[in-house]
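Have a look at the structure below before the remarks.
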Amino acid sequence: NKTSAITFVILGFSHRPDMKVIFFILFLCIYIITVLGNLIILLLINMDPVLHTPMYFFLRNLSFLEICYTSVTLLRVLVSLLSSDTSISFAGCAAQMYFFLFFGATECCLLAAMAYDRYRAICNPVDYMVIMNKKECMQLAASSWICGNLVALGHTTFIFSLPFCGSNVINHFFCEIQPVLMLVCVDAYWSELQIILAAAFVIMMPFLLTLVSYGLIISSILKIGSAKERYKAFSTCFSHLTVVTLFYGTVVFIYIRPKSSYSLDADKVLSLFCSGVTPILNPFIYSLRNREVKGALFK
């Protein structure tokens, strides 16, 4: 009861009050471009029958995820920059962490599902539309959302069941796992270890599935006799591969490492990249490298 009455203070970027206006404009631009870019992708896929294929079904899920993922963190930052009150309730902090983990873990699983879709398209082109039917796509997408929910629920419940005391200042721009864990009363070593192991499992399992899919894809592409056909086959995977590299590269570095290498300032930048910069790049990556999306946009 005492713990649940705590009000946290999110430090954010308050150490640079002279940069407050610049930070607000920067984050507002990132948020608007991210939301508009992903909304355009969603509208194009819904409106153009050419894009009613399994690959674009998953891309539609990804674009919706990116909007939610960015909104969880950047909206709170924008409100904090406008107001002098940077406090957040215990329940509010738990809710923010839950949704951040929910959308992040779901994206991990969804990217693996998209890799599986590309594997089916390239390695089994004849039976692709039969295997990747509407039911199969919906099951893969639903599984991603369910896994994300279970991961977020488990992590959030575990962390916020620990006792908090002493400082209530979160040295971050939202309720991230590591900064919140630093405020618990008990020795957080075993808690941190459990979270790192759980994060490693959640992140690495979809990542390994993605690697296996791309290993089979590359093996299949190398067997194609024509260089032009090999390039055409690989180009259908390039956008997804770029997004996977950006997303997993940042997430692995943030979560799967010991506390001794943890830097608050560095992690703020990395978290900003993961929750703001990566989602803003996705619409451009998929539209600039994709003739069907560009065709739908011109129409």
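Positions of Cβ are set from backbone N, Cα and C atoms, glycine also.
Whatever TrEMBL says is automated annotation, not expert-curated.
Taken from TrEMBL, the feature domain 'G-protein coupled receptors family 1 profile' covers 37-286. Positions annotated as transmembrane segment by TrEMBL: 21-45, 57-78, 98-116, 137-160, 195-217, 238-257, 269-288.
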Model confidence over the domain 'G-protein coupled receptors family 1 profile' (37-286) (mean pLDDT, whole number):
83
Should anything in the same chain at least six residues away from the transmembrane segment (57-78) have a Cβ under 8 Å from its Cβ atoms, list it; otherwise answer none.
10, 12, 23-24, 27-28, 30-31, 34-35, 38-39, 41-42, 45-46, 88, 96, 99-100, 103-104, 106-107, 110-111, 113-114, 117, 137, 140-141, 144, 173-174, 243, 271, 275-276, 279-280, 282-283, 286
